[in-house]
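Visitor: Supplied in structure tokens, the structure appears directly below.
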Number of protein chains: 2
Amino acid sequence: MTDKLKPLREQIDAIDAQILDLLNRRAQIAQQVGHVKAETQAPVFRPEREAQVLRGVAERNPGPMGDREVQTIFREIMSSCRSLEKRVTVAYLGPAGTFSEQAVYQQFGSAVEGLPCASIDEVFRSAEAGTADFGVVPIENSSEGAVNRTLDMMLQTSLIISGEVAIAVHHSLMTKSGNMDGVTSICAHSQALAQCQVWLNQNYPHIERRAVASNAEAARLAGEDGTVAAIASELAGAQYKLGVVKGHIQDDPHNRTRFAVVGTLQTAPSGKDQTSLVLAVPNKAGAVYQLLAPLAKHGVSMTRFESRPARMGSWEYYFYVDVEGHVHDAAVAQALAELQGNAAFFKVLGSYPVSL
Amino acid sequence: MTDKLKPLREQIDAIDAQILDLLNRRAQIAQQVGHVKAETQAPVFRPEREAQVLRGVAERNPGPMGDREVQTIFREIMSSCRSLEKRVTVAYLGPAGTFSEQAVYQQFGSAVEGLPCASIDEVFRSAEAGTADFGVVPIENSSEGAVNRTLDMMLQTSLIISGEVAIAVHHSLMTKSGNMDGVTSICAHSQALAQCQVWLNQNYPHIERRAVASNAEAARLAGEDGTVAAIASELAGAQYKLGVVKGHIQDDPHNRTRFAVVGTLQTAPSGKDQTSLVLAVPNKAGAVYQLLAPLAKHGVSMTRFESRPARMGSWEYYFYVDVEGHVHDAAVAQALAELQGNAAFFKVLGSYPVSL
């Protein structure tokens, strides 16, 4: 075997030497980029540029290496080069080891300084004060319900969204015993119950479902009471010594949590972007429909629409809207200008590349 | 600015195209390697080869890119190429999101199939049964005390150690309130108390210290009782809603947990290896000293020596010994042969590359 492998390994070693050389030439140019940016105080991290590079290598990838693998390698290459310009610090909802930390690495690669914070508010404060260059916060979280606090903070903050990251989230059914004997109720956050609805209807149609404050709370209850089953992450289950009855029970196997990257950076168009807004109108019939008319008129697609009760002020609801495209696109700019004219409250949260 | 950046970015794009080309040429050769290995049923993952490549690129790295960053990139390149030969499955002590999972990625890169297991025993069983190609188990764990179970399993298993991984571990002092008002005791696993001794003597010399079963248990106690402070990971603290009084209090800022990679693979010499053994002698004065004499005689350095009470059999202690070098090195082979002659029990756990 060694005879056949040896020449192949020599070829690999030769290729590695060339890659090493190219990596360092790339790093040298990155340093020059850093000097140019320092002169003009331009930002080190350009999400639109990195998104373009990652999309580009996947498009041009002839194989046999997989597109995903190629992107993972290039994310690390950009992360390393960027750290030579300046080490980027990113605040996130700690502690270390959570999905939030995973989101930081997925956006910035490993050559980044993570700053775990105790609360979503602290993530915003760190990025507003400049202690961190960016913050990463859950914006649409299927299990922890953290989205509300993030949305509230988005209304007040001077920060804008410069990117988004999606992370796969899995739910498991767990009990103290690891089986369903004697179980009379299944507990979880209402969103998690909803996300596992089809599976629960098929498998445990007659067991009562109970919505509790969080999936972690459900796990805690199940740890104390053998008649309770919890739907939660296996990480939460392990903390309360639960056994897994069945893993990955969410109806959508591609269930994801979205995180927003917030900072002071205006992201330039990358070619495949979306724009997030918050709007409010006085509460009268037809007002919402009327409000959104400019989007249809200018052919701008709405990819997300979510209403949320206002906690103060003179209107009853805020509407969180995502649209396709960048504020620098003519159609989006015109639609938003008209939309702003109709709205009682209007704030652009940011334009940024659609997550990979 | 754009004028100055544009030519630099074009250079980077040209370099990226070359890197992409080289990555795919490397992947093609990796596929050929896979065919050769398949013919001869040779293993896909060769820890000694990967350790050599990683050491080699760091040694030959001219900069400006950092050695660590270069190694991270090449770990991902090898992981991607290896997954084209065959996707490697690795069992680890779950759930996902723990240090054990981090150890898997640090050894195998991201293009690997992780298999979270509920216990250390199950990790061994998965790798013994061939459900997983390898298992990753904590062998010297500063906080969870898992080491004992791993050491016991090492005595019985047919698996050998084919690699090791070291992961940084941090301890924090935490309470329900986030401050030390009214705190009368500090709880943690005895190993964690020992690791924070100097700091505790300087800062809280008069507060009673209490050893409990695990740091997670300490966190649970602190969550229930405001007079208790816990030393634990921030991840454990967050589960019990504790506030951080002070982070990173361990006396050694480079505190690490070591993990063993176990499997059926005999790792060939990489040039910088160590060998792990278990020994036993009848309990008589001078026996241990005599036992180890062959190491000194053949100039083999001992890097670790740990005794552990036997739970059965005719001797009282097992000795876990790490020595520098590989069993294929002449000096090590001679020393071990003589050592085996002196010992009542003798088992080589494996020779493998020293962790980076």
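Every residue gets a Cβ built from N, Cα and C, even glycine.
Heads up, TrEMBL stuff is auto-annotated, nobody curated it.
The domain 'Chorismate mutase' annotation in TrEMBL covers A:1-89. Look at TrEMBL and you will find A:89-264 tagged as domain 'Prephenate dehydratase'. The annotation site 'Essential for prephenate dehydratase activity' is assigned in TrEMBL to A:Thr257. According to TrEMBL, the feature domain 'ACT' maps to A:276-353.
A description of the local structural setting of each listed feature is requested, covering burial, neighbours and distances.
Guide: Here the domain 'Chorismate mutase' (A:1-89) has a mean pLDDT of 90 out of 100.
Within 10 Å of the Cβ of A:Thr257 (site 'Essential for prephenate dehydratase activity') there are 22 other Cβ atoms, across all protein chains.
With DSSP states grouped into helix (H, G, I), strand (E, B) and coil, the domain 'ACT' (A:276-353) comes out at 24 helix, 30 strand, 24 coil.
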Visitor: Can you tell me how the residues of the domain 'Chorismate mutase' (A:1-89) break down into helix, strand and coil by DSSP?
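Guide: Within the domain 'Chorismate mutase' (A:1-89) the tally stands at 72 helix, 1 strand, 16 coil.
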